[in-house]
Every structure is written in structure tokens, then in C-alpha cells.
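**Q** The transmembrane segment annotation in TrEMBL covers 20-42, 63-83, 131-150, 156-179, 191-214, 226-247.
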Amino acid sequence: MLGIFNRPYGDPNLMPLAIGPMPILTILSAYLLFVLKLGPWFMANRKPFQLRGTLKVYNAVQVLYNILIFILCMYIILTTPHYKFSCLTPLALDHEMKKWERLLVYSYYLNKILDLMDTVFFVLRKSHKQITLLHLIHHTSMPAIGYNLIRFFGYGGHIIVVGILNVLVHTIMYTYYFISAGSSPAVKQSLWWKQYITIMQMVQFVLMFSHSIWTLMTPNCQANRITIYVVLVASFLMLVMFSNFYIQAYIMPKAEKSANDKLK
């Protein structure tokens, strides 16, 4: 079983932070240690940091980063006849567009590592209610899964659709965070579309799941089956968890308020 770790890399062109398991293991271990232990200990007797300017810059960087990934992705798709959404396979290592495909997937992988800063800011601002089990699972699983798919199957292929959908949702999500960061309560209250971001996240998981089924049903498709099954399972689990969060955060409070109003 351990022999799987002796398999050749899916792509011999190794990129920094994807040259082996140690970089991502170190990053995720340090992340969890800070979020669960060191951060709360450090903030125990301190007032929450406001970080208004820092958050504005961070969210602006995230918006631009996700837009650039989307533009690069569309450039590759529109200029490479090889890409067919019903059956996405990585470009050959000697393909003239391979360097762009590699850059695209690696940039997305780095973006999932950058996303870990969301939780770091929650800790420093003492926004403990936002550090849910769903949040931690989502933020740690994305870079972990990303590394393993790169490690064993290379850059590109079925994972491209995951990236397209995810960066679109994150562009809107971080735009919301940019507007709300440091804003007055009145401005935050006017941002009526917050709950629709969660709906968009659920829709993306439905689309990821559906696309994976479509790929499995496509005759003679050579897309890597393990990657497809990973996306199937991950998107289904995320859909269940995000749906539960949506019910707890938006539906149940409205139901309770309606019931209380009837009792008055």
C-alpha cells in the first residue's frame, strides 16, 4: 500500500510547495496549531484587532487573484481545441499550452493556501463563531486534496472545472468581504446578498457533482477516474455541510421568528 508514494510524479516539472508532502503538511499543521491553540492563547487577554485596512487589502488581493485565475483559465480553454467539458484530460507534457495549464493549476493551488488567512484573521479579530467545523474542513481539505491530485495525476484535467466554478464564487464572496470590511453597521445591513453567496456555493457543488457524473457517462472518456471520484465525494460532502449551515443560519432563525410573532 505504501508503494503508492513511490510512484513517479504526475508531472515531472515540480513547482515550489508541490515538490513533496512536507511543504503542505507543514503549512496545514502550523495553520491548525495557530487556529486551535496558539492563536486563542495569544488573544486570551487581548482585545480583538480591528484590521480594517489589512482586510481591505487582503480582500482586494483575493478578488484580483481569483479574476486573474479565471481569465487565464478561459484563455487556455478558448485557445486549446483539446478541451472538451464532457471529458477533460491534462494536456500532453510536450503540448505548447502545457506551461499555461501548469501555471493555472498551480496558481489555484496557491490560492487555496492563501485562503487559510481567512481563519487567521478570524482568530485575531476574535470572531470565534465563524471558525466552525465546516470552515476548518473546507479550508484544510482544499489544499490537501489539491496537492495530492497534482502529486499523482499532474496539472490539469477534470479539476479545471472545479477551479472555474470556485474562483467565480470566490470573486463574488471576496467582493462582499471587501465592501463590508470596516463598514458601518448600516452599510453591512444593506448588503442583502450575503445569504445568496452561500446559495452560490451550494450551486457550485451541485454543478461539480453533475459534471463528474456527466464525465463518467461520456463514452471512451480517458479522464482520470480517481480524480473524478474525489470530486464526486468531496462535492457531495461539501453540499451536505453547506446545506446544513444554510438551514441553521438562515431558515431556522426565520422559522423561529415567525413562530414567536404568532405567539405575540
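Backbone N, Cα and C define each Cβ position, glycine as well.
Describe each of these features in terms of where it is and what it packs against.
**A** Residues 113, 116, 119-120, 123-124, 131, 136, 139-140, 143-144, 147, 151 of the same chain lie 6 or more positions beyond the ends of the transmembrane segment (20-42) yet place their CB under 8 Å from a CB of it.
Among residues of the same chain six or more beyond the transmembrane segment (63-83), those with a C-beta under 8 A of the stretch's C-beta atoms are 89, 91, 95, 97, 100-101, 103-104, 107-108, 111, 114, 160, 163-164, 167-168, 170-171, 174-175, 178.
Sequence-distant contacts of the transmembrane segment (131-150), counting only residues of its own chain at least 6 positions beyond either end whose CB sits under 8 Å from a CB of the stretch, comprise 10-11, 18, 21, 24, 27-28, 31-32, 35, 105-106, 108-109, 112-113, 115-116, 118-119, 122-123, 159, 227, 230, 234, 238, 241-242, 244-245.
Below 8 angstroms of C-beta separation, residues 132, 134, 137-138, 141, 145, 149, 152-153, 157-159, 162, 195, 198-199, 201-202, 205-206, 208-209, 212-213, 215-216 of the same chain, each at least six residues beyond the ends of the transmembrane segment (226-247), sit close to that stretch.
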**Q** Would you kindly list the residues that approach the transmembrane segment (156-179) from elsewhere in its chain, counting only those six or more residues past its ends and only Cβ-Cβ distances under 8 Å?
**A** 55-56, 59-60, 62-63, 66-67, 69-70, 73, 77, 83, 85, 88-91, 98, 101-102, 104-105, 108, 111, 146, 149, 187, 191, 193-194, 197, 200-201, 204, 207-208, 211-212, 215, 223-224, 227-228, 231
